[in-house]
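The block underneath contains the structure these notes are about, expressed in structure tokens.
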């Protein structure tokens, strides 16, 4: 009888992809999820005889080993196993055998090589069948990333687009983002990110064996999505000058960034800021099967010295000073991923915070998380990983100081417990609505429980960093303020128009008070970093007993036009001084609106049929705008990015730009556009399109 020889393998790509929820990936390779069986059909030169058996080997990484669980050798058995690799013969039809192969729920993810060795008395050689990719499995209750709710799985694993909340506490806006985790080559790029990490370079075999653990994979990726330390995906830049690269606010999606990184020979892509890092991390984690969402935190603290308070300094003219490492960002975006915490205990399971924006080093490199959301809310800042930094982002106290440049004396003038960490937001499941998740991060501001948790966190940190929770950095402010103030917006806030504000000051005492107000306006980056002073003024006024007065302020377009950053943000400050009283700082961050960009999809969308789209932009200025470019992208709607150069626009002139998309897949898709010119960089719009078969 002829020796048993393999002639063909049928990977059953369609049936397996459907059963494993991997049918959206653009790949000719088998992609399956761990802890779940997949089927292959093997065809031999003849039928298997009684006594003949098959031995399979599945292995991953550069040095597969049984001990490290990166190699498994298994024969055909009568039943599938949950805890080990196994193969069950489902049926046989003359020379073809239908085999069901199961992987354990704790297998490492990655690309595996599968081979078979027929055993029939004689020694047959092992034959490689090919490769397949194994991913995390949120559908399987045995997997660390198991997510029981099917609508949440659809959103947090399978959705290829979303929105990011940006702006400031007075004006939260949203922009679309193309995650594109199932687009061509993205899965391969995500696997190469893991293979380029410092951990892999140091010890490839151990690194690959740890890829069964979402804690490990998430932490490695939080380091690799930024380029610090490891030539990772994105180079951060918060300078306001983005020459030599793409401005962070120009990106509309992750696909272009990840492909650029690969095409440049894995050199960092210029440039990223927090929402870009978080969006790319969302793409990579969802691609590998870890449920992930984006979180935007407004008035987000960067506490560099780990004392849970953020110090903000002003000079006597009301100018913001760049002193100390602390800052308060208008907003900051990070990620939450869903998995269990076997290292901390079941009460810390669920959402885990990861942050790929390089802010502070953790264990020597720029990585952050995973920190358990429950641990943050309960003040358990001694638990892994990076809990103190994240706790401070949402719950630090803010201490405001005046600094005398001549005497080098700093004086604390106010301490606030409620301003940091507001309107913490994420996208609703299945819609573009904003869901406020602030209460997931902390107890209600002003409640006794919130203060108890804060003090608990300070006590725990004090033990680690050697300061007393009661004394360290808690300056005594010996006087109460005698006046209060706020800035009110008077009219619309639009680029191209003057900014009109009203400073409202109120005397809190029964005696008349003379106030001297030193006012400044600076253009800023969204991190609060001052870029350029654009306006200043001062006045003195006497307020009668308990009197409230209003002082109108105007900052003209001519004053701010040249120095506005792409964030469109201005910080207005009034330092109010009262003789023998305590200084009061009144501050407001304002975001100026871009002009509207109108997009219309002119017909119903069907697969492989052209759809006409029209974009209208109107120049609102009394001057010409030049260098106009429209860019469009959308997974399964356009191949890559469409770029259309437009003629200059005269004052008040409108321009109508038609273009065509050809959808390649059915379902709900997102089309994103970005219009830029010399006066308005990065005006954005997005539209959801339902594509029929």
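Cβ from N, Cα, C; glycine included.
Features as listed in TrEMBL:
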DOMAIN    266-358  domain 'Transglutaminase-like'
ACT_SITE  274  active site
ACT_SITE  332  active site
ACT_SITE  355  active site
BINDING   395, 397, 445, 450  Ca(2+) binding site
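In space, 332 is the closest of the active-site residues 274, 332, 355 to residue 450 (Ca(2+) binding site), judged by Cα positions. The Cβ of residue 274 (active site) lies under 8 Å from the Cβ of 329, 331, 332, 333, 334, 357, each on the same chain and at least six residues away in sequence. The two recorded residues, residue 355 (active site) and residue 397 (Ca(2+) binding site), show a Cα separation of 21 Å. Within 10 Å of its Cβ, the residue among the recorded positions 355, 397, 445, 450 with the fewest other Cβ atoms is 445. Cβ-based neighbour count (10 Å, all protein chains) for residue 332 (active site) stands at 27. Within the domain 'Transglutaminase-like' (266-358), the DSSP-based counts of helix, strand and coil residues read 18 helix, 41 strand, 34 coil. On the 0 to 100 pLDDT scale, the model's mean across the domain 'Transglutaminase-like' (266-358) is 95. Other Cβ atoms within 10 Å of the Cβ of residue 395 (Ca(2+) binding site) number 25 in total over all chains. Cβ proximity to the Ca(2+) site centre (mean Cβ of 395, 397, 445, 450, cutoff 8 Å) flags the following additional same-chain residues: 396, 417, 418, 420, 421, 442, 451, 454.
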